Amino acid sequence: MQTRFVSPVNHDEEQDEPSVRPGLLADFIGQDSIKDALTVAITSARKRNKPLDHILFSGPPGLGKTTLAHIIAQEMNSHIETTSGPVLDRPGDLAALLTPLKDRDFLFIDEIHRLSPVIEEILYPAMEDYTIDLLIGEGPSARTIQLPLERFTLIGATTRLGLLGSPFRDRFGIILRLDLYDPSELTVIVTRSAGILGIPITPEGAAEIAGRSRGTPRIANRLLKRAYDYAIVRGTGSIDQNIANTALFALGVDQKGLDILDRRILEVIANDFDGGPVGLKTISISVGEEPRTIEDVYEPYLIRIGFLKRTPQGRMITSAARDHLGNSHTRDLTSFL
């Protein structure tokens, strides 16, 4: 199984690395409009001695939704419990998380779009009235009890905002979408992370990594570590532009941040379907990847850089994508892999 170095999805081994996550809004790089909105909301809540309104973050994976949730709790001097939508199977699981929360604490639910309808319905009164209704027992003897909750704030994160029902979505007072980062912002992030991790890097080396990180800090930090491995084994231990370029080439990451899986999608559309339009399910079968993964993980960046178009008839590649696929360096990279 091939490792995808430019996947925005978190790798398990990355949990064990020293944290490069910022702890305060002032240290969070990029997403300026979101930081401004959160600064106003947090300052207002503090002055009013009230909990924050419930918050919903949306956007592609790897952009900092989880980091922002922890920063918000830190800025409010409050505790945060974290979980994810697929984990919350039973009402009792949710109650076990909500009942210990103290006034102005936080519950963060990642992949909140994957909550079951039953859990969503239990959250309605929890979000509005700070109570939850639980069914105790079975059959004729079953009864409903109401448990009071402290004033808490729910923070949800989703990559698929459209999958949340309107009644649930409307209960969030603050809804914010994170967008992909500019290369200049990612260069600052790479430089900052290198400093925290003790990795020697030049400004040109940081910019080279940033330019291939698909607008995603998680990918930038991952490529930084892999480039450092290469610098230690094949270089002098420091990452300059040449080392970064050579290391990323060896990892199969081209100048635009595309890997073999991205190029496979583009090549299937270009060569097998004459540039499109072609349906998502057909692409999925051709490249051997789930439709949802293609739509959530691959397509946002390909669309962002102008290589892919979504039309009512299906997906189409652009002339820019054809030019990129025809680039000699890209052809060499495909052969290398």
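The first residue you see is number 1, and the count goes up from there.
Cβ coordinates come from backbone N, Cα and C, glycine included.
Just one of Arg21, Arg46, Arg90, Arg104 is listed by Swiss-Prot for the same ATP site as Gly62, Lys65, Thr66, Thr67, Glu128, Asp129, Tyr130, Arg171, Tyr181, Arg218, and that one is Arg21. DSSP assigns Arg21 (ATP binding site) to coil in the three-state reduction, outside any helix or strand. DSSP assigns Asp129 (ATP binding site) to a helix. On the 0 to 100 pLDDT scale, the model's mean across the region 'Large ATPase domain (RuvB-L)' (1-181) is 90.
Sequence-distant contacts (6 or more apart, same chain, Cβ under 8 Å) of Arg315 (DNA binding site) comprise Ile269, Gly276, Pro277, Val278, Gly279, Leu280, Ile283, Glu299, Leu308, Lys309. Taking every protein chain shown into account, Thr66, Thr67 are the binding-site residues, and of these the Cβ with the most other Cβ atoms within 10 Å belongs to Thr66.
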